[in-house]
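**Q** Questions regarding the structure given below will be posed in turn.
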Amino acid sequence: MERLNGHLDVNEKTGRKDLVTNIDKDNEKFFVKQLRALEPGSKVLGEEGLGDKIDSLDGQVWIVDPIDGTMNFVKQRDHFAMMIAYYVDGVPTLGFIYDVINDKLYHGGPDIGIYVNSESMNPPANNSLEDGLIGMSGPLIIRDVHHMQEIAEASSGYRIYGSAGIEIAAAISGKTIGYISHLRPWDIAAGRVLAETLGMTVSTIDGKPIDMLSSNTVLLATKKAQKDILKISTKR
């Protein structure tokens with residue numbers, strides 16, 4: 001935390017709403033070094049491009065988001081996370097989401113179960129869309145992509161945290177019934193492991209498997225909520 005509260009060098013990547021800081025880069029350098037030492041021969045895909053250039057998930061692949069929710073980190077010092085995922089020959093194997101401010105580490109995988117810190121997590125209730133809150137992306141709602149406004153209206157209410165990691169942590173904890181956003185591999189890799197292990201679904205917004213090496217509009221939800229959402233999102 002002392003490091004995170006220190007001096008920030010903030011730069012734009014693709015525009016004023018897409019930021020990167022010296023902490024993002026320093027964190028990624030640290031993770032790349034440690035993960036390569038932990039699993040020699042493994043590859044590391046990082047948001048800031050400081051790992052390996054990857055065109056397949058063959059072998060052992062780590063996927064790293066050094067700070068998820070950089071805008072929140074810069075403007076609020078709240079609602080941001082660090083995320084690491086481990087895939088073996090494309091199979092989601094381990095996921096880690098660290099909610100920094102609340103000091104909560106969500107971690108695990110299909111072979112060991114899911115934990116928050118040292119406490120085992122149970123699958124969230126399989127609630128429908130109308131019976132729960134849903135996490136959503138602001139731009140998708142504003143532009144009404146895939147009937148997002150109708151989906152929001154059909155839910156008990158929508159929430160926007162501005163961090164995929166924080167949104168996914170809320171979903172797997174049962175605080176929301178799901179999360180919809182346009183995500184890159186490092187935004188969803190860890191959350192996919194955790195959510196699927198807990199019995200939730202992870203797909204594109206039209207119900208197809210997600211491409212873990214590309215960007216997708218992702219729907220992470222309970223099974224009931226996914227069915228409800230797909231009825232709306234796939235309408236012509």
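Glycine residues also receive a Cβ, built from the backbone N, Cα and C atoms like all the rest.
As the structure is a computational prediction, the values presented were derived from the model and not from experiment.
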**Q** Check TrEMBL: it lists Asp65, Ile67, Asp68, Asp187 as binding Mg(2+). Then name which of Glu39, Glu47, Glu167 it lists for that same site.
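**A** Mg(2+) site check in TrEMBL: besides Asp65, Ile67, Asp68, Asp187, the record includes Glu47 out of Glu39, Glu47, Glu167.
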**Q** Just checking, which of Glu47, Asp65 (binding-site residues) has the fewest C-beta atoms within 10 Å of its C-beta?
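**A** Taking Glu47, Asp65 as the binding-site residues, the minimal 10 Å Cβ count falls on Glu47.
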**Q** Cβ neighbours within 10 Å, counted over all protein chains: which one of the binding-site residues Asp68, Asp187 has the most?
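**A** Max Cβ neighbours within 10 Å, all protein chains included: Asp68.
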**Q** Compute the centroid of the Cβ atoms of Glu47, Asp65, Ile67, Asp68, Asp187, then list the same-chain residues not in that set whose Cβ lies within 8 Å of it, in sequence order, for the Mg(2+) site.
**A** Val64, Pro66, Gly69, Thr70, Ala81, Met82, Met83, Ala164, Gly165, Trp186
